[in-house]
Amino acid sequence: MAGLSTASPKNGIDGRKKPNLLITGTPGTGKTTTASALAEAAQLRHINIGDLVKEKNLHNGWDEQFECYIINEDLVCDELEDMMEEGGNIVDHHGCDFFPERWFDRVVVLQTENSLLYDRLATRGYTGSKLSNNIECEIFQVLLEEAKESYQEEIVVALRSDSIDDLNNNVSTLSDWLRSWNMS
């Protein structure tokens, strides 16, 4: 697991006064819960991409097999551009490879133990290929690899997200990182 000390905070990237974070991970790892808690603690804007896609109709229809919207990545990026340039955002999404690299100062990949993740997804009603594909994604650390391939490795950090204690520790650790970013 990567630590948060691997990269020094960079105040003022692209003229921003506040950093942007991406919180990513397999569905069920706690992205929305973590992003909401961190946004509240740090007084930053939480942007849930799934909600944004639904609210603004930023999709190309419904995928019957995976029971989700087919995101139009160009429309999503166009919608977010001004907010991201301004800074102060926590973006929450299960994918990360289509966002411009320049948008983020920290990319957090939440990871959950497989049996816990299975239970969380089953509770959400995931079945069949939707359930098995997401579990395989976590087993093979697909999103961590995607993040490392899409962003400078020193800004990518993997955090455990198995319990409420992990959630609280992650929010605390990321809040500390945000404070140090603001002081540099």
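Positions of Cβ are set from backbone N, Cα and C atoms, glycine also.
These features come from TrEMBL:
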REGION    1-29  region 'Disordered'
BINDING   GLY28, GLY30, LYS31, THR32, THR33, ARG124  ATP binding site
REGION    48-71  region 'NMPbind'
REGION    123-133  region 'LID'
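Here the features listed in TrEMBL are painted onto the structure.
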| residue | record | Cβ within 10 Å |
| --- | --- | --- |
| GLY28 | ATP binding site | 24 |
| GLY30 | ATP binding site | 25 |
| LYS31 | ATP binding site | 26 |
| THR32 | ATP binding site | 16 |
| THR33 | ATP binding site | 17 |
| ARG124 | ATP binding site | 13 |
Quiz item: Excluding the flanking five residues on each side, which residues at least 6 beyond the ends of the region 'NMPbind' (48-71) place their CB within less than 8 Å of a CB in that stretch?
Solution: 32, 35, 79-80, 91-93, 129-130, 133
Self-check item: ATP site span - longest C-alpha distance across GLY28, GLY30, LYS31, THR32, THR33, ARG124, in Å
Solution: 15
